[in-house]
Amino acid sequence: MAEDSDLEKTEPATPRRRQKAREEGQVARSRELVSFALLSAGFLGGWGLFGHIGSHLQTMVRGAFTFDHATAFDTHRMLIGAGDAGIEGLSALAPVLLLTGLAALVAPIALGGWLLSAKSLEPKWNKLNPIKGLGRIFSPNGAIQLGMALAKTVVVGGIGALTFWNHKDDVLALVTQPMSVALASAGHLIAVCCATTVTGMFLIAALDVPYQIWQYEKKLRMTKEEVKREHRENEGDPHVKARIRSQQRAIARRRMMSQVPKADVVVTNPTHFAVALQYTDGKMRAPKVVAKGVNLVAARIREIAAENNVPLLEAPPLARALYYNVRLDAEVPGVLYSAVAEVLAWVYQLRRFNTHGGAEPVKPSDLEVPAELDTRRPVADEDDDIEDIEDVEQRDPQARRSSGQNDGSDRSAPRNDGGRA
């Protein structure tokens, strides 16, 4: 029972399933709607063009029944008369035929839309299977179609028979009336029959159209497994996407780490946070964050900084403020200029001390950090750093290319802003 319930098509069709069905020529169609449209077009055309049709029919009838003794046995003249009668008949019915042809094109579009599919024209040999054919005939849908056909026959035939019976005296009187009067009476009777028939077809079409739409939606339903499979095909396997995401994070992290040797200083928490700052006078408007991280990433930043003689400064409030409030590769905000300026001043003094000697500079402490920036939030996820990296690459593709070129750069390359300790 569990397997049967899983295979039940209880889910509505997805947009992709609907598009595929249209490509295969499967749309909701109603034959009764087309029949109603054809009868309505013929009736309205005949009613509106009654004078035109009556004039041509009167000419045709007069020509067909007008002859003398000399032409009664002339087959050539008889053929000419038949041809003229045919031309008159076509001239009379041509507008109505054009109108019904237009209705035959528009009526299907009203329900299923315009569709021209090559797949629907391909031969389907499975339809020649007699067993499957019998299965379609005796299926519930086949029974409903049979009932609809019987209902149409009963309704249309009954309405026609009832109309004829009510006007039987008028029909019998046609043979005794002059031609002009008989044509007018016949046109009136035909109009009454057509109007009642169109009304009956409208009732049948009003029942068939909702049924065909329901049947089409039922045919397109999907099982839960089909919906899941389509989702995997559209979005990709979650496991594969997770592996790709992991690889992207690793590449992005290596790219960020390649910027640490170029930093001027690394501000630490000292254990949880590490933020690398860089400033080049004349090229940058303000110092910017070139790398940042927490936990293991922060530890790796400190290791690379130590390996490349980048000064490390323990300033927990400033490290937290920079990490939480400055995005990667972004400039330091104005409210932190004072604190960062003290840090860079210490860095420059440290370089002079390492080069020329003298008194060792004192590490700055009690840096001015606004309380609203040092919120002491919980330690962030390392993935936040990677999201910052990806955001930088989306905003500046040149950063991606330049960082990729610098992945294997020489860490001992000379710098314009002096050496390091």
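Using the three backbone atoms N, Cα and C, a Cβ is placed for every residue, glycine included.
All annotation found in TrEMBL is predicted automatically rather than curated by experts.
TrEMBL lists 381-391 with the feature compositional bias 'Acidic residues'.
Per TrEMBL, compositional bias 'Basic and acidic residues' is recorded for 408-421.
According to TrEMBL, the feature region 'Disordered' maps to 1-25 (among others).
For 357-421 (among others), the entry in TrEMBL reads region 'Disordered'.
Residues or ranges marked as transmembrane segment by TrEMBL: 33-53 (among others). For the transmembrane segment (33-53), the list of distant contacts is 92-93, 95-96, 99-100, 102-104, 106-108, 110-111, 152, 187, 190-191, 194-195, 197-198, 201-202, 204-205, 208-209: same-chain residues at least six beyond its ends, Cβ to Cβ under 8 Å.
Feature annotation from TrEMBL assigns transmembrane segment to 92-116 (among others). Same-chain residues lying 6+ beyond the ends of the transmembrane segment (92-116) with a Cβ under 8 Å from its Cβ atoms: 22, 25, 27-30, 33-34, 36-38, 40-42, 44-46, 49, 52-53, 55-57, 60, 209, 212-213.
Annotated transmembrane segment per TrEMBL: 137-165 (among others), in sequence order. A Cβ distance under 8 Å defines the sequence-distant neighbours of the transmembrane segment (137-165), meaning residues of its chain 6+ beyond its ends; these are 32, 35, 171, 192-193, 196-197, 199-201, 203-204, 207-208, 211, 215.
According to TrEMBL, the feature transmembrane segment maps to 185-211 (among others).
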